[in-house]
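Have a look at the structure below, then the notes.
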Amino acid sequence: MAAEEDTRGTVAVVIHTVILVHATIFSLTGNMFIIYALYRNRRLRTITNFYVVSLALADMMMAILSFPFQATASGLRKWFFGHHFCQLTGFVVQYWVQVSLSILTLASLNRYFCVVKPNKYSLLFTHRKTVTSLLGVWIILCIELLIFVFTAPIKFRWIPDSLYCRTTFDSESSERISFVFFACFSAVLMSVVVFCYYSIYRVVKQHNNVVVPSLQRANNHGRINAQDVKSSRAIFAAVLGFSIAWCPFIFMSMLEFGFQVSIPSSAKSVYPLFSSLSAWINPVIYGIMNRAMRNEFQKILFCRKD
C-alpha cells in the first residue's frame, strides 16, 4: 500500500514532533518512577497500587514501542520503519487503549467494593486474585485483538495527519463492524465506571452527613476509612484524566465513522496528541494526590534512601 503524502506545514510538523517527544520522555520517566517507587517501598504494594503499576506498564509500552517512532516519522515526514513494524505499532496503540480502559474499570470496581460493599471486599480482592485478574485482562485482550486483526482482516498504515499507524479495512462493512464493536466495548466499561463512582459518591456523602463527618474513624462493621476515600479520589482522577485525553478521539470517531462526516486534515492530528496525555498524566496525579507516592518520588529524585 502506497504511503500517504504528508501535507502538514512546517510549523505543524515542529509542534507535533515536539509534543510526541515530550510524551515519550514524560511517559517513560514518570511511569518508571511509579514502578521503582513500589520496588523500593514495600508499604506501597497495596492492592489498589497493583492497578496503578499495571497502568504504568501499559503506558511504558507506548513510550517504548510507539511514541518514539511516531515522533521520528512526524519529524522526518515519512515512515522509515517498514510495513511490519507499522503493523506492530498500530496493534500496540489499539491494545494500549483497551488495556488502559479495562484496568481503570477494574480499579473502579475495586474502589466500589472497598467503599460501598466493604464486607465483600476482603473476599473478592486479595493480592493473588488482583494479580490474576490483571494478567487475565492483558492476555484476553491480546488474544481478542489478534483474532480481530486476522479475521476482519485489518491492516495498519502510517497516516501523517493522524500521526500513527492507523487501522485500514478492506471493506466498508468491516469498518462499520469495528466501530460498533469498540464503541460498545468502551460504552459498557465506562458505564461500569460511572455506576461505581456514582455509588461511591452517594455512600461518602451519606457518611459525611450522618455517620462520621471527619472521616477519621473506622471499624470492622463497614465504616469508611479516610485512606480508602483518598485512594478512590486518586483512581477517579485517573479515570477523569483518561476520559478528557480521549474525548477528541471519541468525538471525531463518532463524526467520521458514525455520521460519515469528513474531518479536516488539520483536525485529525488533535486527537492523537490529546490521547498521548493519558500515557503520562497518571504519575502526575499520583504524585499530587498520594502523599506516600509523592514522598517516594522525592526520595528517588534526590537519591535518598530513607
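Note that Cβ sites are derived from N, Cα and C of the backbone, with glycine treated the same way.
The annotation domain 'G-protein coupled receptors family 1 profile' is assigned in TrEMBL to 30-286.
Same-chain neighbours of the transmembrane segment (12-38): 6, 44-45, 49, 52-53, 56-57, 59-60, 62-64, 67-68, 70-71, 74-75, 77, 163, 266, 269, 273, 276-277, 279-280, 282-284, 286-287, 293, 296-297, 300, counting only residues six or more beyond its ends whose CB sits under 8 Å from a CB of the stretch. Per TrEMBL, the feature transmembrane segment maps to 12-38 (among others).
As annotated by TrEMBL, transmembrane segment applies to 50-73 (among others). Same-chain neighbours of the transmembrane segment (50-73): 17, 20-21, 23-24, 27-28, 31-32, 34-35, 38, 79-81, 85, 88-89, 92-93, 95-96, 99-100, 103-104, 106-107, 110, 127, 130-131, 134, 137-138, 158, 160, 163-164, 235, 238, 272, 276, 278-280, 282-283, 286, counting only residues six or more beyond its ends whose CB sits under 8 Å from a CB of the stretch.
The transmembrane segment annotation in TrEMBL covers 93-113 (among others).
Look at TrEMBL and you will find 134-156 (among others) tagged as transmembrane segment. Within the same chain, residues 1, 50-51, 54, 86-87, 89-91, 94-95, 98-99, 102-103, 106, 165-170, 174, 177-178, 181 sit at least 6 positions outside the transmembrane segment (134-156) and bring their C-beta atoms closer than 8 Å to a C-beta of that stretch.
For 176-198 (among others), the entry in TrEMBL reads transmembrane segment. Cβ atoms under 8 Å from those of the transmembrane segment (176-198) belong to residues 98, 101-102, 104-105, 108-109, 111-112, 148, 152, 154, 167, 169, 232, 236, 239, 243, 250, 253, 257-258 of the same chain, restricted to positions at least 6 beyond its ends.
Taken from TrEMBL, the feature transmembrane segment covers 234-255 (among others). Below 8 angstroms of C-beta separation, residues 48, 51-52, 55, 97, 100-101, 104, 107-108, 110-111, 179, 183, 186, 190, 193, 197, 200, 261, 263, 267-268, 270-272, 274-278, 281-282, 285-286, 289-290 of the same chain, each at least six residues beyond the ends of the transmembrane segment (234-255), sit close to that stretch.
Marked as transmembrane segment by TrEMBL: 270-289 (among others).
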Can you check how the pLDDT averages out over the domain 'G-protein coupled receptors family 1 profile' (30-286)?
90
